[in-house]
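Report on the following structure.
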Amino acid sequence: MPDPSTSIRTRTTLALLTVAALLGVPGPEVRAADDWSTAPGPLEGPPRIIGKHGAACLIGAEQLPLEGIGYQTADLARRRHFGHPVLIDYIEDLGRRVANAEFGPMLVGDMAQPRGGPMSYGHVSHQSGLDVDIWFRLDLPPLDRSEREGLEQPILVDPMTGQLDRARWTEDHAKLIQLAADDPRVARIFVDAAVKEDLCSREWEDRSWLRHIRPWPAHDEHLHVRLRCPENSPECVDQPEPPPGEGCQGLVPTPRTERESLPIRTLPQACRAVLSR
Ligand SMILES: [Zn+2]
(Lines of atoms letter the chains of each structure in order from A and count residues from 1; the text may use other names and numbers.)
(Lines give C-alpha, C1' and ligand atoms only; values in the text may rest on other atoms or scores of the structure.)
Protein backbone atom coordinates (compact mmCIF):
# COMPACT_ATOMS: atom_id res chain seq x y z
CA MET A 1 0.00 0.00 0.00
CA PRO A 2 1.37 3.44 -0.80
CA ASP A 3 1.56 4.67 2.71
CA PRO A 4 1.90 8.42 2.91
CA SER A 5 1.36 8.34 6.63
CA THR A 6 4.96 8.34 7.73
CA SER A 7 6.10 11.30 5.69
CA ILE A 8 2.90 13.21 6.31
CA ARG A 9 3.17 12.54 10.00
CA THR A 10 6.75 13.77 10.08
CA ARG A 11 6.00 16.86 8.08
CA THR A 12 2.89 17.63 10.06
CA THR A 13 4.67 17.25 13.34
CA LEU A 14 7.40 19.60 12.14
CA ALA A 15 4.83 22.11 10.93
CA LEU A 16 2.97 21.94 14.21
CA LEU A 17 6.14 22.35 16.22
CA THR A 18 7.12 25.34 14.12
CA VAL A 19 3.77 27.02 14.60
CA ALA A 20 3.78 26.26 18.30
CA ALA A 21 7.26 27.73 18.58
CA LEU A 22 6.24 30.84 16.65
CA LEU A 23 3.25 31.34 18.87
CA GLY A 24 5.33 30.76 21.95
CA VAL A 25 2.94 28.14 23.31
CA PRO A 26 4.12 24.93 24.94
CA GLY A 27 2.45 22.84 22.30
CA PRO A 28 -1.10 21.81 23.22
CA GLU A 29 -1.78 21.85 19.46
CA VAL A 30 1.15 19.50 18.91
CA ARG A 31 -0.42 16.90 21.12
CA ALA A 32 -3.93 17.57 19.91
CA ALA A 33 -4.09 15.11 17.02
CA ASP A 34 -2.49 12.34 19.03
CA ASP A 35 -4.83 12.97 21.92
CA TRP A 36 -7.86 12.57 19.66
CA SER A 37 -6.51 9.29 18.31
CA THR A 38 -6.15 7.85 21.79
CA ALA A 39 -9.62 8.79 23.04
CA PRO A 40 -10.73 5.64 24.84
CA GLY A 41 -14.05 5.39 23.03
CA PRO A 42 -17.02 7.46 21.89
CA LEU A 43 -18.42 10.00 24.32
CA GLU A 44 -21.89 8.71 25.10
CA GLY A 45 -24.89 10.89 24.48
CA PRO A 46 -27.36 11.85 21.78
CA PRO A 47 -25.42 12.04 18.49
CA ARG A 48 -24.01 15.53 18.05
CA ILE A 49 -21.55 16.90 15.50
CA ILE A 50 -19.76 20.12 16.38
CA GLY A 51 -17.99 21.88 13.51
CA LYS A 52 -17.23 21.22 9.86
CA HIS A 53 -15.67 18.26 8.07
CA GLY A 54 -12.11 19.55 8.42
CA ALA A 55 -12.40 20.77 12.02
CA ALA A 56 -14.97 18.99 14.12
CA CYS A 57 -15.67 16.60 16.94
CA LEU A 58 -18.39 14.11 17.63
CA ILE A 59 -20.52 12.92 20.54
CA GLY A 60 -22.52 9.69 20.44
CA ALA A 61 -20.47 8.05 17.70
CA GLU A 62 -21.00 4.41 16.84
CA GLN A 63 -18.51 1.89 15.55
CA LEU A 64 -19.27 0.26 12.22
CA PRO A 65 -19.54 -3.53 12.71
CA LEU A 66 -16.15 -4.64 11.38
CA GLU A 67 -17.72 -6.83 8.73
CA GLY A 68 -21.24 -7.10 7.32
CA ILE A 69 -23.26 -7.80 4.22
CA GLY A 70 -21.33 -6.61 1.18
CA TYR A 71 -18.43 -5.03 3.06
CA GLN A 72 -15.44 -5.61 5.32
CA THR A 73 -13.30 -3.03 7.10
CA ALA A 74 -9.59 -2.49 6.41
CA ASP A 75 -6.82 -1.40 8.78
CA LEU A 76 -8.79 -2.09 11.94
CA ALA A 77 -5.86 -1.31 14.21
CA ARG A 78 -6.09 2.37 13.34
CA ARG A 79 -9.40 2.60 15.27
CA ARG A 80 -10.96 4.82 12.64
CA HIS A 81 -14.22 3.01 11.96
CA PHE A 82 -16.37 5.33 14.03
CA GLY A 83 -18.98 7.74 12.79
CA HIS A 84 -22.30 9.45 13.29
CA PRO A 85 -25.10 6.82 13.24
CA VAL A 86 -26.22 8.18 9.86
CA LEU A 87 -22.83 7.17 8.40
CA ILE A 88 -23.10 3.68 9.88
CA ASP A 89 -26.56 3.29 8.29
CA TYR A 90 -25.31 4.64 4.98
CA ILE A 91 -22.41 2.15 4.79
CA GLU A 92 -24.58 -0.81 5.80
CA ASP A 93 -27.17 0.18 3.16
CA LEU A 94 -24.47 0.52 0.51
CA GLY A 95 -23.03 -2.89 1.47
CA ARG A 96 -26.43 -4.50 0.91
CA ARG A 97 -26.77 -2.80 -2.47
CA VAL A 98 -23.27 -3.94 -3.46
CA ALA A 99 -24.16 -7.50 -2.43
CA ASN A 100 -27.41 -7.28 -4.46
CA ALA A 101 -25.40 -6.12 -7.47
CA GLU A 102 -23.30 -9.27 -6.99
CA PHE A 103 -19.85 -7.85 -6.57
CA GLY A 104 -17.64 -6.99 -3.62
CA PRO A 105 -17.30 -7.19 -0.71
CA MET A 106 -16.19 -3.57 -0.67
CA LEU A 107 -13.36 -2.58 1.64
CA VAL A 108 -14.21 0.20 4.07
CA GLY A 109 -11.16 2.24 5.01
CA ASP A 110 -10.90 5.21 7.34
CA MET A 111 -14.00 6.83 8.79
CA ALA A 112 -13.50 8.88 11.96
CA GLN A 113 -11.93 8.42 15.38
CA PRO A 114 -14.15 7.60 18.37
CA ARG A 115 -14.73 11.27 19.14
CA GLY A 116 -13.86 12.65 15.71
CA GLY A 117 -11.23 15.39 15.77
CA PRO A 118 -7.99 15.79 13.83
CA MET A 119 -5.96 12.73 12.85
CA SER A 120 -2.23 12.55 13.41
CA TYR A 121 -1.68 11.31 9.84
CA GLY A 122 -3.47 10.68 6.59
CA HIS A 123 -6.39 13.12 6.37
CA VAL A 124 -7.42 16.69 6.85
CA SER A 125 -11.11 15.89 6.96
CA HIS A 126 -12.80 12.76 8.41
CA GLN A 127 -13.29 14.74 11.63
CA SER A 128 -17.06 14.97 11.94
CA GLY A 129 -18.07 11.31 11.52
CA LEU A 130 -19.62 11.92 8.10
CA ASP A 131 -16.70 10.89 5.85
CA VAL A 132 -15.68 7.41 4.71
CA ASP A 133 -13.05 6.08 2.33
CA ILE A 134 -14.09 3.08 0.26
CA TRP A 135 -11.29 1.31 -1.53
CA PHE A 136 -11.19 0.51 -5.22
CA ARG A 137 -10.32 -3.11 -4.31
CA LEU A 138 -13.18 -5.42 -5.13
CA ASP A 139 -11.15 -8.55 -5.81
CA LEU A 140 -10.75 -9.88 -2.28
CA PRO A 141 -12.89 -12.57 -0.65
CA PRO A 142 -14.05 -12.13 2.96
CA LEU A 143 -10.85 -12.14 5.02
CA ASP A 144 -10.05 -12.61 8.69
CA ARG A 145 -9.59 -9.37 10.60
CA SER A 146 -5.85 -9.91 10.97
CA GLU A 147 -5.55 -10.32 7.20
CA ARG A 148 -7.08 -6.91 6.65
CA GLU A 149 -4.19 -4.93 8.10
CA GLY A 150 -1.85 -3.18 5.66
CA LEU A 151 -3.47 -4.59 2.53
CA GLU A 152 -2.07 -3.41 -0.76
CA GLN A 153 -4.02 -0.53 -2.27
CA PRO A 154 -3.30 -0.47 -6.00
CA ILE A 155 -3.43 2.90 -7.75
CA LEU A 156 -5.86 2.89 -10.68
CA VAL A 157 -4.57 6.07 -12.32
CA ASP A 158 -1.17 6.18 -14.01
CA PRO A 159 0.91 8.46 -11.77
CA MET A 160 2.88 9.83 -14.73
CA THR A 161 0.10 10.63 -17.19
CA GLY A 162 -2.94 11.00 -14.96
CA GLN A 163 -4.81 8.54 -17.20
CA LEU A 164 -6.98 5.72 -15.91
CA ASP A 165 -5.28 2.33 -15.81
CA ARG A 166 -7.65 0.40 -18.08
CA ALA A 167 -6.10 -2.90 -17.06
CA ARG A 168 -7.33 -2.41 -13.50
CA TRP A 169 -10.40 -0.21 -13.81
CA THR A 170 -13.60 -2.27 -14.22
CA GLU A 171 -17.34 -1.90 -14.70
CA ASP A 172 -17.78 -2.78 -11.04
CA HIS A 173 -15.73 0.26 -9.98
CA ALA A 174 -18.04 2.54 -11.95
CA LYS A 175 -21.10 0.74 -10.56
CA LEU A 176 -19.76 1.04 -6.99
CA ILE A 177 -19.43 4.81 -7.33
CA GLN A 178 -22.89 5.12 -8.89
CA LEU A 179 -24.42 3.11 -6.05
CA ALA A 180 -22.52 5.16 -3.48
CA ALA A 181 -23.69 8.44 -5.03
CA ASP A 182 -27.31 7.43 -5.50
CA ASP A 183 -28.36 8.28 -1.96
CA PRO A 184 -29.86 11.58 -0.81
CA ARG A 185 -27.63 11.60 2.26
CA VAL A 186 -24.54 12.10 0.09
CA ALA A 187 -23.14 15.64 -0.20
CA ARG A 188 -20.05 14.85 -2.29
CA ILE A 189 -17.91 11.96 -3.45
CA PHE A 190 -14.26 12.73 -4.18
CA VAL A 191 -12.46 10.76 -6.89
CA ASP A 192 -9.54 11.39 -9.20
CA ALA A 193 -10.38 13.51 -12.28
CA ALA A 194 -9.65 10.53 -14.55
CA VAL A 195 -12.24 8.49 -12.67
CA LYS A 196 -14.85 11.21 -13.01
CA GLU A 197 -14.03 11.51 -16.71
CA ASP A 198 -14.78 7.81 -17.14
CA LEU A 199 -18.07 8.10 -15.25
CA CYS A 200 -19.08 11.09 -17.40
CA SER A 201 -18.37 9.15 -20.60
CA ARG A 202 -20.77 6.34 -19.69
CA GLU A 203 -24.45 6.01 -20.49
CA TRP A 204 -26.59 6.32 -17.36
CA GLU A 205 -30.35 6.38 -17.17
CA ASP A 206 -30.22 9.09 -14.51
CA ARG A 207 -27.16 11.37 -14.55
CA SER A 208 -28.10 13.74 -11.74
CA TRP A 209 -25.75 12.01 -9.27
CA LEU A 210 -22.73 13.02 -11.38
CA ARG A 211 -23.03 16.51 -9.91
CA HIS A 212 -21.95 15.14 -6.56
CA ILE A 213 -18.84 13.42 -7.91
CA ARG A 214 -16.04 15.91 -7.46
CA PRO A 215 -12.48 15.59 -8.81
CA TRP A 216 -9.77 15.53 -6.18
CA PRO A 217 -6.11 14.62 -6.68
CA ALA A 218 -4.76 11.34 -5.33
CA HIS A 219 -8.20 9.77 -4.93
CA ASP A 220 -7.02 7.08 -7.30
CA GLU A 221 -7.22 4.06 -5.00
CA HIS A 222 -10.38 4.93 -3.10
CA LEU A 223 -13.52 6.99 -3.27
CA HIS A 224 -14.20 9.37 -0.44
CA VAL A 225 -17.86 9.76 0.47
CA ARG A 226 -18.98 12.78 2.45
CA LEU A 227 -22.50 12.91 3.85
CA ARG A 228 -24.59 15.99 4.55
CA CYS A 229 -25.09 17.14 8.11
CA PRO A 230 -27.97 15.08 9.52
CA GLU A 231 -31.21 16.77 10.51
CA ASN A 232 -31.36 18.31 13.95
CA SER A 233 -27.64 19.02 14.14
CA PRO A 234 -27.48 22.79 14.47
CA GLU A 235 -23.76 22.79 15.30
CA CYS A 236 -22.79 20.76 12.21
CA VAL A 237 -21.53 22.93 9.35
CA ASP A 238 -22.12 21.75 5.76
CA GLN A 239 -20.15 22.78 2.70
CA PRO A 240 -22.05 24.79 0.09
CA GLU A 241 -23.75 22.64 -2.56
CA PRO A 242 -21.58 21.86 -5.61
CA PRO A 243 -22.26 24.08 -8.65
CA PRO A 244 -25.26 22.96 -10.73
CA GLY A 245 -24.71 20.61 -13.66
CA GLU A 246 -22.87 17.34 -14.10
CA GLY A 247 -19.43 18.92 -13.72
CA CYS A 248 -18.17 16.89 -16.65
CA GLN A 249 -16.58 19.79 -18.57
CA GLY A 250 -12.99 20.90 -18.19
CA LEU A 251 -11.77 17.95 -16.17
CA VAL A 252 -8.00 18.05 -16.06
CA PRO A 253 -6.28 14.80 -15.14
CA THR A 254 -3.55 15.71 -12.70
CA PRO A 255 -0.47 13.58 -12.17
CA ARG A 256 -0.18 12.25 -8.66
CA THR A 257 2.01 14.62 -6.71
CA GLU A 258 3.18 14.52 -3.19
CA ARG A 259 0.35 15.38 -0.87
CA GLU A 260 0.52 18.68 0.88
CA SER A 261 1.14 18.69 4.57
CA LEU A 262 -1.98 18.99 6.65
CA PRO A 263 -3.07 22.49 7.49
CA ILE A 264 -3.74 23.21 11.13
CA ARG A 265 -7.30 24.18 11.86
CA THR A 266 -8.78 25.28 15.11
CA LEU A 267 -11.55 23.13 16.50
CA PRO A 268 -14.71 24.72 17.89
CA GLN A 269 -14.29 25.64 21.53
CA ALA A 270 -16.99 23.16 22.56
CA CYS A 271 -14.77 20.29 21.39
CA ARG A 272 -12.39 20.73 24.32
CA ALA A 273 -14.92 19.22 26.67
CA VAL A 274 -15.56 16.34 24.28
CA LEU A 275 -11.97 15.21 24.58
CA SER A 276 -11.50 15.83 28.28
CA ARG A 277 -14.57 13.97 29.51
ZN1 LIG B 1 -10.89 10.22 2.68
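Every residue number used here counts from 1 along the chain in the order it is shown.
Backbone N, Cα and C define each Cβ position, glycine as well.
Annotations in TrEMBL come from automatic prediction, not curation.
Record features, source TrEMBL:
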type     : residues      : note
SIGNAL   : 1-32          : signal peptide
DISULFID : Cys200-Cys248 : disulfide bond
DISULFID : Cys229-Cys236 : disulfide bond
REGION   : 232-260       : region 'Disordered'
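Annotated features, which come from TrEMBL, shown on the structure.
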residue : record         : Cβ within 10 Å
Cys200  : disulfide bond : 16
Cys229  : disulfide bond : 20
Cys236  : disulfide bond : 23
Cys248  : disulfide bond : 15
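Classification of Cys236 (disulfide bond) by DSSP places it within a strand.
Spacing of Cys236 (disulfide bond) relative to Cys248 (disulfide bond) is 29 Å (Cα to Cα, whole number).
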